[in-house]
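Structure record follows, encoded as structure tokens.
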Amino acid sequence: MIAGPTAVGKTKISIELCRRLDGEILSADSMQIYKYMNIGSAKPTEAEQAGIPHHMMDVVDPAEAFSAADYKAAAEACLEEILSRGKLPIMVGGTGLYFDALLYDRDFSGSAGDGVLREAFEAIARAQGNEALHDMLKEKDAEAAARIHPNNVRRVVRALELIETTGSATPAFDQAPEPNPRYNFILLGLTDHRQALYERIDQRVDAMFEAGLVDEIIILKNLGLSDKFQSMQGIGYKEVFRYLDGLATLEETIALIKQSSRRYAKRQLTWFKRYPTLEWFEVDGLTDPDSVIDQIERAIRQKMSREG
């Protein structure tokens with residue numbers, strides 16, 4: 001498993017590792033699962049994929065909802081298929097909830113709660129976005145908010161329900177998750193100096209607009225999608241919808257996407273630092289990616305040899 005914040009260089013590094021280790025990519029990105037959403041999700045192009053098989057990309061219509069439970073079921077089927085061919089699955093992405101789905105035996109089914117409260121909180125998410133609902137939780141219980149990904153609306157809603165009904169979200173998290181016994185994971189993380197990472201984020205956002213992000217979203221809008229759909233809650237998509245609706249200028253939209261992406265990168269790093277066995281690798285501005293790849297390859301081979 002290779003985790004890391006947006007724009008840190010996961011795609012380039014993981015594809016080269018697949019070449020060296022006879023591996024295949026299992027994407028762990030909650031936006032790249034959707035069809036037709038290529039530019040805004042930074043989905044690797046066919047040329048960038050370089051002939052390496054990629055799984056869990058382009059598998060869901062953007063009009064459909066897709067939960068962590070859905071990901072867990074589909075990703076485990078992919079893992080079994082990859083392993084059956086004697087290949088090494090390399091899970092790559094930045095969606096912490098998807099990593100949790102495979103690392104731990106988590107119950108994503110949810111539990112009963114106050115229906116009126118639940119509908120009220122879900123309405124806020126639909127109207128204002130997942131991050132607005134997550135910010136509400138953060139104001140009420142910062143510790144609970146730090147444990148829940150903003151896109152895991154079900155758990156955010158459940159935590160808010162508990163706060164309203166019991167005064168605390170703690171009961172939702174009082175049991176530590178058990179490791180998933182089905183797989184033997186090697187967990188690695190990519191990180192970089194904050195300024196270097198933020199500069200690459202800004203460059204990526206500029207490149208997305210140059211590549212036609214607005215046109216991509218106009219096409220999605222013409223297909224009947226709006227910013228009320230789960231798929232359109234991703235950074236870049238919801239902001240451009242506001243621009244297309246005349247609620248922001250293009251310059252304001254670009255600046256907001258950059259700001260939101262930097263904040264998201266910070267949340268991703270916070271999420272992945274929760275994993276006690278994760279080994280971090282500094283990419284150092286990607287000035288020498290081969291050196292980083294060499295280090296990661298050695299770490300993987302050493303751990304594989306120790307664990308059989």
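From the backbone N, Cα and C atoms, a Cβ is placed for every residue, glycine too.
TrEMBL lists region 'Interaction with substrate tRNA' for one of the ranges 29-32, 61-64, 113-116, 289-292, namely 29-32. Straight-line distance linking the Cα atoms of Gly4 (ATP binding site) and Thr95 (site 'Interaction with substrate tRNA'), rounded to a whole number, equals 9 Å. Across the structure, Ala7 (ATP binding site) and Arg118 (site 'Interaction with substrate tRNA') place their CA atoms 35 angstrom apart. Neighbour counts of Cβ atoms within 10 Å were compared for the recorded positions Lys10, Arg118, and the top value is held by Lys10.
Long-range Cβ proximity for Val8 (ATP binding site), meaning a same-chain Cβ under 8 A and a gap of 6 or more residues, is found for Leu190, Thr191, Asp192, Leu197, Arg200, Ala265, Val283.
Rounded to a whole number, the distance between the Cα atoms of Thr95 (site 'Interaction with substrate tRNA') and Pro5 (ATP binding site) is 9 Å.
In space, Thr6 is the closest of the binding-site residues Thr6, Gly9, Lys10, Thr11 to Thr95 (site 'Interaction with substrate tRNA'), judged by Cα positions.
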